[in-house]
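Chemist: What TrEMBL records for this protein is below:
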| type | residues | note |
| --- | --- | --- |
| DOMAIN | 35-131 | domain 'PH' |
| DOMAIN | 152-212 | domain 'FYVE-type' |
| REGION | 223-248 | region 'Disordered' |
| COMPBIAS | 223-236 | compositional bias 'Polar residues' |
| COMPBIAS | 238-248 | compositional bias 'Acidic residues' |
Amino acid sequence: MVDRLANSEANSKRINLVEGCFGTAGQPLAIPGRVLIGEGVLTKLCRKKPKARQFFLFNDILVYGNIVIQKKKYNKQHIIPLENVTIDTIEDEGELRNGWLIKTPTKSFAVYAATATEKSEWMNHINKCVGDLISKSGKTPNSEHAAVWIPDSEASICMRCNKVKFTPVNRRHHCRKCGYVICGPCSEKRYLLPSQSSKPVRVCDLCYDLLSNGDFSSCLPSRSDSFSHPSKFKNNLSDDDDDEDSSD
């Protein structure tokens with residue numbers, strides 16, 4: 001089906017419409033062989049709170065952006081190559097349901113669909129596209145993923161020293177290796193994580209020591225650690241931008 005649609009006029013029109021919705025600030029999306037598989041609104045778990053985002057699934061990339069005017073205008077376009085993606089379901093708990101993780105070497109995050117059926121369709125289509133890409137390229141599926149950032153609302157005190165309370169003065173930061181919410185004194189060190197940045201990035205003291213000793217896996221939190229209390233997220237009413245727009 002994808003091959004049949006690749007060069008069809010209908011597919012070209014759909015992709016052009018998506019490009020138009022992002023305007024001149026978005027990157028061009030029409031290339032030979034690219035097919036728009038589906039689209040829809042998903043709730044993305046951002047650093048401050050869950051937010052609705054428009055997602056577009058193509059046969060080789062996943063695109064999402066902020067909704068300015070539904071079906072007419074989007075901004076802050078993000079493009080994720082599917083060959084670097086793996087997904088993992090999140091068990092329902094609290095008010096956020098029908099979720100899964102989208103994991104890549106540079107960024108990982110959770111999204112939630114409106115229904116279980118919608119979740120199943122998204123996950124099936126993503127897995128099918130990733131599988132087809134890996135099969136065609138002959139590459140080994142990616143095994144390295146950036147940590148999912150634990151939302152600010154999960155931590156009232158530093159998750160490493162368990163002493164410093166967060167206030168407007170004592171700000172929250174995130175370790176780029178484990179995703180924990182940490183205080184300034186516990187995250188003064190930087191370490192080069194090439195998959196995430198060309199410059200050394202903020203890491204907590206524990207991850208710095210582990211990485212410096214060549215242990216690249218011990219400081220990654222489990223999925224259950226990151227999503228143990230989703231019902232708390234509704235209490236954070238901040239209107240700040242996504243975590244990708246934050247340097248902390």
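Just so you know, glycine gets a Cβ as well, placed from its N, Cα and C.
TrEMBL labels come from automatic prediction, so no person has curated them.
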Chemist: What is the number of residues in the domain 'FYVE-type' (152-212) that are helix, strand and coil, as DSSP sees it?
Modeler: 14 helix, 12 strand, 35 coil
Chemist: Can you tell me the mean pLDDT for the domain 'PH' (35-131)?
Modeler: 95
Chemist: DSSP-wise, what's the residue breakdown of the domain 'PH' (35-131) into helix, strand and coil?
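Modeler: Reading the DSSP string over the domain 'PH' (35-131) gives 19 helix, 54 strand, 24 coil.
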